[in-house]
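Presented below is the structure to which this report refers.
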Amino acid sequence: MRLLAALWALLLAVSAVRSQTTGANGTCPVCFNCNARGCANFGECRSGACFCPDGFGDSDCSLATCGSLLAPADKRPVRAAGATCTCDGGFTGPNCNVCTNNDVCTKMPGRLVGTTYICNNGTKVWRTNHHTACTVKNPTLAGLFPGFTQLSMKRDLIAGSTIASLWYLNDPQFTCNITQCEQSWSSAATTWSCKDVSCKCNAGTKFCGGGGILDLTNSINTAKGMLNIVCDESTPTCNVAFEFLSGILPQGIALDECKFGECVDETASPLSGDSGQNVKTINTFGYVGLGFAGAAIAALLISLLIGCVQQRRHMHAPLLTEKPGVAISFKDVSYSIGQNVILSDISGEVPAGTMLAIMGPSGAGKSSLIDILAGKRKSGKIKGSIVVGDNMPLSSLRGISGFVDQEDVFQPTMTVREVIEFSAALRLPESITVVERRQRVQNVLDELGLSHIAESRVGDSLARGISGGEKRRLSIGVELVTNPSVLFLDEPTSGLDSYNAIQVMETLAGLAHKSGRTVVFSIHQPRSDVFARFDQILLLSKGSVVFFGASKHAAAHFADRGLPCPEGYNLADHLIDVATKHPDDARADTSSTAHSSDESRELRRRNLSESAQTLRDGSGAAMVASAVVEKSSPDNQVTVITETPAQPAAVSSTDLSARPRLATSFLTQLSTLLRRSRRHFWRKPGLFFAHTAIALVLGVFMGGLYWKSDSSLGGIQNRLGSIFFIQSLIGFSSLSAISTFTHEKLLFMRERSNGYYGAGPFFISKLLFDIVPLRIIPGIILTTIPFFMIGYTSGVDYYLRYMAIMVVFAGNCGLFCLAIGCAISEYGTAVLVASISLLFQMLFAGLLVNQVQITPALRWLQYLSFFKYAFEAVAVNDASGLRFVDQISGVEIGVAASVVLGKFGIDMDGYWRDFTISVGLFLALTTIVCLLVTFKLRERR
């Protein structure tokens, strides 16, 4: 036991001695221990020994070494204080660290397999081992310390660090460890700026209390602040400005006879794209992109100026005289789609201040006739003539009439008052004051009995709002606020119960009889008290007229033809039965069903006389009573009690395709639409919050998944994969644009057809309240979080370029989906086409398939993908500051990012080209969507 204890004590003693005998870089005398005495010149103390910076040696790193960087640090000869070095061939400087030719660098230890090292003698730092040696030329310093003074530096671009030493009479006076450094350059100079300086004096030297005129020990050891080095590109001169020496050297330290040397891989040059200069410098493509942006801004400003002038003219235009109801006459109106005849030779007239009900069974052509009379766009072929009032042109009818469709379509988040105010703001002249417009809105609310629900939201199937009857009256109200002379309605009682139906008809009767408006509507099967309010009826069957005349004469007319209405039976139901089952009998004079010919002739003459008198009373002097128009055939006789103008005007499909004249200027339309869009956006913010929340969650998830990707080969995979996945998320989240646009298309087409606004203001408001809040803002969130968490190449300029391309890309995705939604009316088909199209664009982004190896016949497809340009631009922006280093089978290899990405088919000089093309695609997609909205989204019936 005593022997074991003695052996254990001996081992401990030997261990203690060994801990004190390890030398500098493992070879210093046994008497030195850096744990107790420290290391000079910022050497690193490890296990009691100093590991010195390049060019320093001895046990405490206080002396300069000679030789060159080719020798291991512990084999370089140490020179005595005040002596000079004899450097190996190809190296120079106070401590032999600066290479002078390429040959010596090919022998550098630690050179990575597969690389060719050269000597970078330029002012720019390429990688991690850039050495500088300069002669100090400063009068102030020379006066204080006469003699030969030098400055040496080792700069590391990757770590952003610098080791700088000041030499006086060949001895190092003090050394500074400088961090947080960045490099920038122009054609004239290279600048190296650092934020944190820490210096140590070498005790006993001239600068640090060793007999010099001035002892700088305290100033140097407490040095802090910044360092700025500027080296001229054309001359071997530099200027070094230490913030802590600014008191005695305010102009900095002038350096001359500078020599630069860095043994480095030839592909690591910043000029080759790996340190970002080709990204930072705006090339021709960049200037073209800026030109596009400038032209767009100039066009916007010019348009705004023109819009202001137009708005001012509208606001000062004289008010037009409002006309009372006008008569409408139509003759031989026919309508067909291909070989299918919908209407055949329909004639009639509606006096001012009366109601015409167009009746008939389903498929009789009621809605088609209403559309034609109202001037709606039809897809088929139209013939015949229509005259409005005292020979007004048909195009004028759109400006003095209102049209209430069969389906009520409103913005569900708006209140009843806001819906009518929206119509008034866009369809009344701008010269009407706000007070007058609000009063007219209130009058309409009162007239239609909607005042008690004026502040209630309209609602929809998801959010309960006003009732069906109230919506129908609201539909009438948005037309009535313009005080139309003629009001057309398609099935105004469709879907309503009997109580609401009679309320609507009482409203229409009051508009015709009290306000003098002309009311024309289609109706399917009214009950008896509704039918009693009709002034005239036009009964259709299979596109032909069965009866046209005063409603009170309808029973006698059909009784005269052997089709009397049964006692107690609703006359309207009887007319529909006749039109459905006996349309030919209703028109025929047969012995089995007709009254005597004398009675029938007398009845028709009485009907004609009464109707003609009514027409003369209501329609003005321009209308002339005419005889009965008859279309005869061997078997039947069509009776049309009508009145025709002296000079009927022909009508065709072309006449109905003209755009309605808008009452307000472009800027007024735009501002009104923006107000409505803003209200809808904030009252229904679910989609915005969903996009934003998902962007936040996915951004954090992406950052965690690819956390701090390095510059290894695995890091390459992570960096490129993260870029691709982020852009994929942005692309597929844009599919929601199809859904939101599909819901608004019907409302837009309805309002545009009724003369609310044009396509331009709607498109701009859609951009501002869809592309910006639902595409761009979530896109910024989704891309910013991973940028910092993943560790993409940082810096303000890198981030701004990254965000610029990502914002444009998000806009392109949204516009692309909007274009699909415009072009394809069916929602499911539009989503399918957009999804497949996005997938194919992702295929050609540059990650899933090598673009260089694509079959030549298909290679052109990659240029149609906006994913390609965004992916390449972001990859170049990130990799421009990287060099990929990894180990394969224990051998460390390094390769420039340009080489790796080049194998993927990515052009390291392509950032500004890709950005410019992306901007061009944004403008092109904007134009395409605008054209689709203008020409595709038109109401066709």
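Note: Cβ is positioned from N, Cα and C throughout, glycine not excepted.
Unlike curated entries, TrEMBL annotations are predicted automatically.
According to TrEMBL, the feature signal peptide maps to 1-19.
The transmembrane segment annotation in TrEMBL covers 285-309 (among others). Counting residues 6+ beyond its ends, the transmembrane segment (285-309) has Cβ neighbours under 8 Å at 665-667, 670, 912-913, 915-917, 919-920, 923 in the same chain.
According to TrEMBL, the feature domain 'ABC transporter' maps to 328-567.
Look at TrEMBL and you will find 583-612 tagged as region 'Disordered'.
Per TrEMBL, compositional bias 'Basic and acidic residues' is recorded for 596-608.
Long-range contacts of the transmembrane segment (686-707) within the same chain: residues 718-719, 721-722, 725-726, 729, 733, 736, 740, 773-774, 777-779, 781-786, 788-791, each at least 6 residues beyond the stretch ends and with a Cβ under 8 Å from a Cβ of the stretch. The transmembrane segment annotation in TrEMBL covers 686-707 (among others).
As annotated by TrEMBL, transmembrane segment applies to 719-742 (among others).
Sequence annotations record features per position, and here TrEMBL assigns transmembrane segment to 772-793 (among others).
What TrEMBL lists as transmembrane segment is 799-820 (among others).
The feature transmembrane segment is assigned by TrEMBL to 827-849 (among others). The list of residues near the transmembrane segment (827-849) in space but at least 6 beyond its ends in sequence, with Cβ under 8 angstroms from a Cβ of it, reads 720-721, 724, 727-728, 731-732, 735, 738-739, 742, 813, 816-817, 820-821, 861-862, 864-868, 870-872, 875, 904-906.
The feature transmembrane segment is assigned by TrEMBL to 915-935 (among others).
Non-local neighbours of the transmembrane segment (915-935) in the same chain are 285-286, 288-289, 292-293, 296, 748, 759-760, 762-763, 767, 801, 804-805, 808-809, 811-812, 815-816, 818-819, 822-823, 866, 869-870, 873; each lies 6+ residues outside the stretch with a CB under 8 Å from one of its CB atoms. Confidence across the domain 'ABC transporter' (328-567), taken as the mean pLDDT and rounded to a whole number, stands at 89.
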